[in-house]
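Engineer: I am attaching a structure below and will ask some questions about it afterwards.
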Amino acid sequence: MKANQERIEKHIKALSRYTATPNEGTTRLTYSEEDLQARIYIKEQMEAYGLEVREDGLGNIFGKLEGEKKDAPSVIVGSHFDSVPHGGDYDGPAGVIAGLEIAALFQDNQVKPVYPLEIIAMIEEEGSRFGGGLMGSRGIAGYLSKDDVQETKDKDGISVPEAMKKIGLDPSLEVKRDPETIKAFLEMHIEQGPILEEEQISVGVVESIVGLTQLEVTIDGKAGHAGTTPMDRRSDALVAAANIISKLPQIAMEEGEGAVTTVGRHQVFPNGANVIPDKVVFSVDIRSSKEAHVKNVVQKVKNLVRSWEANGIQTAVEQSLYMQPKELNKKIRSILEASCAQLGTSFINMHSGAGHDAMVLSDITDVGLIFVPSKDGLSHCPEEWTAIHELAAGIEVLYETALKLTEKS
Ligand code: HGY
Ligand code: MN
Ligand code: MN
């Protein structure tokens, strides 16, 4: 079954309009005005494809096509629709659009599935507004209590429920899904790396996903006058932070095994050019395909931070996210591979260095994740790009797989 490339292109163009930084990449923070516009569009498309639409207590969007089998578990297809700051148009939306197009193909072909088909668009996978990340899928998996959600605030101190209500969402609704209500979850995502493009392969069938954690490091010092405070009487939080940050790449390289450390977010207080900084807060993203190496690096980072506690410098380290490495379901992988073979679509098995909602949902259901090529391997930047026909090739594989899993009657 051929995917409709005009529809796919229409969705990509539509969603790419909902950004807070037009002409400077996609910035679509959760529960922002841009989220609301994208949400309205996604729900309209779901309704147009005959789906019954709802939003849960975190604002995850679901579109359901009932199956012939009463109260049967659903095959869920989708991804996230938030973005990193100044990101691209495909990270997340490619998978949501895959779900929309599969729903449209079910409708075009009057497919009557035995098991329900649900299309999902999840919130806050990137963690760009509330930190951590994978929030929509962690809510569905039951990892977030109502208190956790209430206490989760953005940098302006706005809580998740407050931000939800501002765009008309209801935080009192249930989020956690009973695993019995899900038969499988399928996600299509851009590779965000160079392999598929370099090897001219259409689809990556993901076998494993990297383990990852995010730390938030706070360095407290003492504010002072830049001109009148002698150098030997300073507790400069930024000098301490800069020394710590400069050592992080070496910790990752010494650990090896593909371990990586990244400082992506960094705030200086009070941030005045003639004021000695009294506080610095920065993020440390740590990953490896083997959990032991993630834990080693975390410990080394904590020891390094603590070693700077002297001369009026205080430190604190908080862990905002921790995900073990994941092996994805072999049965689903073989169905994906069979769908590629059936369509004559080239594929390879791959490991994912990026985290995905699939890694969370694999804790509660059988999960399949496929990649489609990223131009020049770029992602998390405005240059992120995938050709429409490459998206279509991945969607056709997912469509055949969704047909098999919903067992059309
Ligand atoms: O950070 C990641 O791996 C994903 O893009 N959230
Ligand atoms: Mn991303
Ligand atoms: Mn993503």
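Placement of Cβ uses the backbone N, Cα and C atoms for every residue, glycine included.
Caution: TrEMBL annotation is automatic and unverified by curators.
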Engineer: Which of His380, His389 does TrEMBL put in the same Zn(2+) 2 site as Asp91, Glu126?
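Structural biologist: Among the candidates, TrEMBL records only His380 at this Zn(2+) 2 site.
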Engineer: Under DSSP, is Glu126 (Zn(2+) 2 binding site) part of a helix or a strand, or is it coil?
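Structural biologist: For Glu126 (Zn(2+) 2 binding site) - judged by DSSP and reduced to three states - the answer is coil.
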Engineer: Quick one: which of these binding-site residues, His80, Asp91, His189, have their CA within 10 A of His380 (Zn(2+) 2 binding site)?
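Structural biologist: Within 10 Å of His380 (Zn(2+) 2 binding site): Asp91.
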Engineer: Measuring Cβ to any atom of ligand 2 with a strict under-6 Å cutoff, which of the binding-site residues His80, Asp91, Glu126, His189 qualify?
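Structural biologist: Those binding-site residues that pass the cut-off, since their Cβ is under 6 Å from ligand 2, are Asp91, Glu126.
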Engineer: Among the binding-site residues His80, Glu126, His189, which have a Cβ atom lying under 6 Å from any atom of ligand 1?
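Structural biologist: Among His80, Glu126, His189, near ligand 1: Glu126.
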